[in-house]
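Now, the feature entries from TrEMBL:
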type     : residues : note
DOMAIN   : 439-562  : domain 'STAS'
TRANSMEM : 60-77    : transmembrane segment
TRANSMEM : 89-110   : transmembrane segment
TRANSMEM : 122-140  : transmembrane segment
TRANSMEM : 169-190  : transmembrane segment
TRANSMEM : 197-218  : transmembrane segment
TRANSMEM : 259-279  : transmembrane segment
TRANSMEM : 291-312  : transmembrane segment
TRANSMEM : 318-342  : transmembrane segment
TRANSMEM : 349-367  : transmembrane segment
TRANSMEM : 387-415  : transmembrane segment
Amino acid sequence: PSYTFEFLRSDFIARITIASLAIPQGISYAKLANLPPILGLYSSFIPPLVYAMMGSSRDLAVGTVAVASLLTASMLGNEVNANESPKLYLHLAFTATFFAGVFQASLGLLRLGFLVDFLSHATIIGFMAGAATVVILQQLKGILGLDHFTHSTDLVSVLRSVFSQTHQWRWESAILGFCFLFFLLITRYISKRKPRFFWVSAMAPLTSVILGSILVYLTHAEKHGVQVIGHLKKGLNPPSFTDLVFVSPYLSTAIKTGIITGVIALAEGIAVGRSFAMFKNYHIDGNKEMIAFGTMNIVGSCTSCYLTSGPFSRSAVYFNAGCKTAVSNIVMAVAVMVTLLFLTPLFHYTPLVVLSSIIISAILGLIDYEAAIHLWTVDKFDFIVCISAYAGVVFCSVEIGLVVAVAISLLRVLLFVARPKTFILGNIPNSMIYRNVEQYTNTSSVPGVLILEIDAPIYFANASYLRERIARWVDEEEDKLKSSGETSLQYVILDMGAVGNIDTSGISMLEEVKKVMDRRELQLVLANPGAEVVKKLNKSKLIEKIGQEWMYLTVGEAVGACNFMLHTRKPDPLKEESEAYNKV
């Protein structure tokens, strides 16, 4: 209701600008996926209309993406050769898009979007950079004008394919390709240095297509080794629901491809949407976005589209162009519709080498070496995850790189859970504050009291480790006190402020720790347990065993109670030692 003519003007200008980028990019990415070029235009028509009705981002530019296109080509190409069985390959691409949409929508409906978060920031940086490297290497086929090229995506196979065919390199194609690539990179540099000239880089791909087509038409370069797109069918998207493949042996391939490409497209699209929402200070609903992505891919699979998402390069131009709402997606879809109805014959003479140049210039932005350097500076483990993802993609395959990166990320999560941090706390002078003695070197210990902080929930995965760690801390403290001749250890305080939850294994661990402390004539004290923890400890009767008088709201209160007991009931160390000896 609040939509104004001013918004329409801004959205119209933004989308006409982005349409000039989306049309050549759509054709290019369809070729990257080994699909007919017309599918790139189909996929820029229907999905944006669906997203405009269902999505929550005002700045997301919907369309095909390079990484998802590469994944589609790689995973489907392992089962079906696109050149030998183009019809089956096309139908599998539609089926994979359908399952990607079902998976994405299911995540949103079941509110399972947190699963996408297992693709950590470091994983995405490495994976995207590796995929970008592979995509650039794949474009050497178009740049050099090669007819035969490897279907593998790893570095060794691609370089072997390139340098084993040096006699087939076409210098005309190479010169044309590098000239257009130089032009595209220059326009991109200008727009980056002068943001108000964003339209320069946005118009460059369409300008390249027009100039390349005119050059080929005038010089008849297609007869001298320069490959062209050829005939593009006029008309809107034909229905493709009957083309979906739900039978063996290809169903499992379509499902696997759909899930993996769906996760990658979802992670990229939501990350891009959130980034621009932050700039404009509004909120996007992650679950709503997943449902929107899923719906547009389900509808797209039934209307001759393959996987779409929200590519960053297009969305950045869209943002700089001053878009206001998702209505601009409708404007772009109308521009693509006009192209499909009337302008497709104009792309007949577009050289494939120009499409390769467009892909390379667009994909270079995904190689974020500055982010990798930042990871090395801040967190070496994240850097290892990033490099593992990159190396897996470049030297093995896209799927292996993704699996390796996710596996290492999950390993880190398991290490955090299974090996939580425990600290000895000391008192900051002239205060009731207790902090980690390693971080605050000016803290002082409390005579006769050992204060330990457990910095994680207590689960079956870390219960044994924590039991052993607590016992080791106690042993080390007693040895230190014995060697220094100070007051013997009487109390062990566990600061449970960071223990958000506990399971039955954790409760059993605390019961065992209590028994060990009793045998050693030490008193176990709990400080600051959370509500959920207290509820479970109460149901398990552990509070009765420990004693309610040994549970406190803060570490300071617990220390105060222990000090009171130490000063009012002074223990005899020699007597305790004699009694312990007799018991043994």
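Note: Cβ is positioned from N, Cα and C throughout, glycine not excepted.
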Contact ranking winner - 259-279, 291-312, 387-415 against the transmembrane segment (60-77), Cβ under 8 Å: 291-312
Interface check, the transmembrane segment (89-110) with the transmembrane segment (291-312), three or more C-beta pairs under 8 A: yes
Any contact, the transmembrane segment (197-218) to the transmembrane segment (387-415), with at least 3 Cβ pairs under 8 A: no
Residue distribution over DSSP helix, strand and coil in the domain 'STAS' (439-562): 63 helix, 21 strand, 40 coil
Cβ contacts under 8 Å made by the transmembrane segment (387-415) with residues that lie 6+ beyond its boundaries: 70-71, 74-75, 118-120, 122-123, 125-127, 129-131, 133-134, 152-156, 260, 264, 372, 381, 461
Per-residue pLDDT averaged over the domain 'STAS' (439-562), given as an integer: 91
